[in-house]
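Report on the structure given below.
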Amino acid sequence: MTEQMTVRGTLKGHSGWVTQIATTPKYPDMILSASRDKSIIMWKLTRDETNYGIPQRSLKGHSHFVSDVVISSDGQFALSGAWDGTLRLWDLTTGLTTRRFVGHTKDVLSVAFSADNRQIVSGSRDKTIKLWNTLGVCKYTIQDEGHTEWVSCVRFSPNSSNPIIVSCGWDKMVKVWNLANCKLKTNHIGHTGYLNTVTVSPDGSLCASGGKDGQAMLWDLNEGKHLYTLDSGDVINALCFSPNRYWLCAATGPSIKIWDLEGKIIVDELRQEVISTNSKAEPPQCTSLAWSADGQTLFAGYTDNLIRVWQVTIGTR
């Protein structure tokens, strides 16, 4: 008996690429998605056969593509970043913006909350990483030994005993920063193309990075060294660890690959069936990934504006 993924349905509501998806253990029937349609949709998951969920509320305010969205650990707030150069903090009970964060001089590509929700980090096309408090005050701008190209992704480690930020950029570098003094801790060198994404494991012990070269590189955050590399065969747009299995999930071109990290083998490859009359039509690319908090459901956002939903099932392959 093996675990595999079974398609469960779709979420329709966006009119632009789905750039990010956020879930929270506090509200298992809600997810948020960010899009190039400049909005964030709050979904109510119905788990119906036809429609897996319905758009409950649209968070509007950004004047350009929304690139990233995360939910605070209490499930009350969302944080977004957009190509309008700003971050926004949203009250999810009212759907209103409670704070605007102004300071980046170019598109914001990535945002994150610290484990205690007291700190916010953002990465931008202005090549800087900024640390903010929740009142919208920029406390620090990381430029020393910083990225020399666009900062495509920033993430906090969930491990409070090793307070770090991990970032990656179009300079092919993965950088680990000491949160206490905002100084560079480690440069992870090895990628041969620009980077789109970095993700930290649930226990904070390792991170994975990916981008143009199609290699998912795994790094030990405690030792500061390269562990191993998994070849996805196509550009990696998003990566995420399963919250409860030793799996790494990669959005790679039009498909999703799931690796079992113990055996470094592919558990499953998820492709959506595209019924197309024009064989030259480019299949939609997978641009975002998020697991439900219980690790049973995978949400994936695409360039055809849909979110596709898979579930872990026991199969007899």
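Glycine is treated like the rest: Cβ placed from N, Cα and C.
Note that the structure is predicted; figures quoted are calculated from it, not measured.
Some features that Swiss-Prot has for this protein:
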REPEAT    13-44  repeat 'WD 1'
REPEAT    61-91  repeat 'WD 2'
REPEAT    103-133  repeat 'WD 3'
REPEAT    146-178  repeat 'WD 4'
REPEAT    190-220  repeat 'WD 5'
REPEAT    231-260  repeat 'WD 6'
REPEAT    281-311  repeat 'WD 7'
(message) Within the repeat 'WD 2' (61-91), count helix residues (DSSP H, G, I), strand residues (E, B) and coil residues, in that order.
(response) 0 helix, 17 strand, 14 coil
(message) Across the repeat 'WD 6' (231-260), what are the DSSP residue counts per state (helix, strand, coil)?
(response) 0 helix, 19 strand, 11 coil
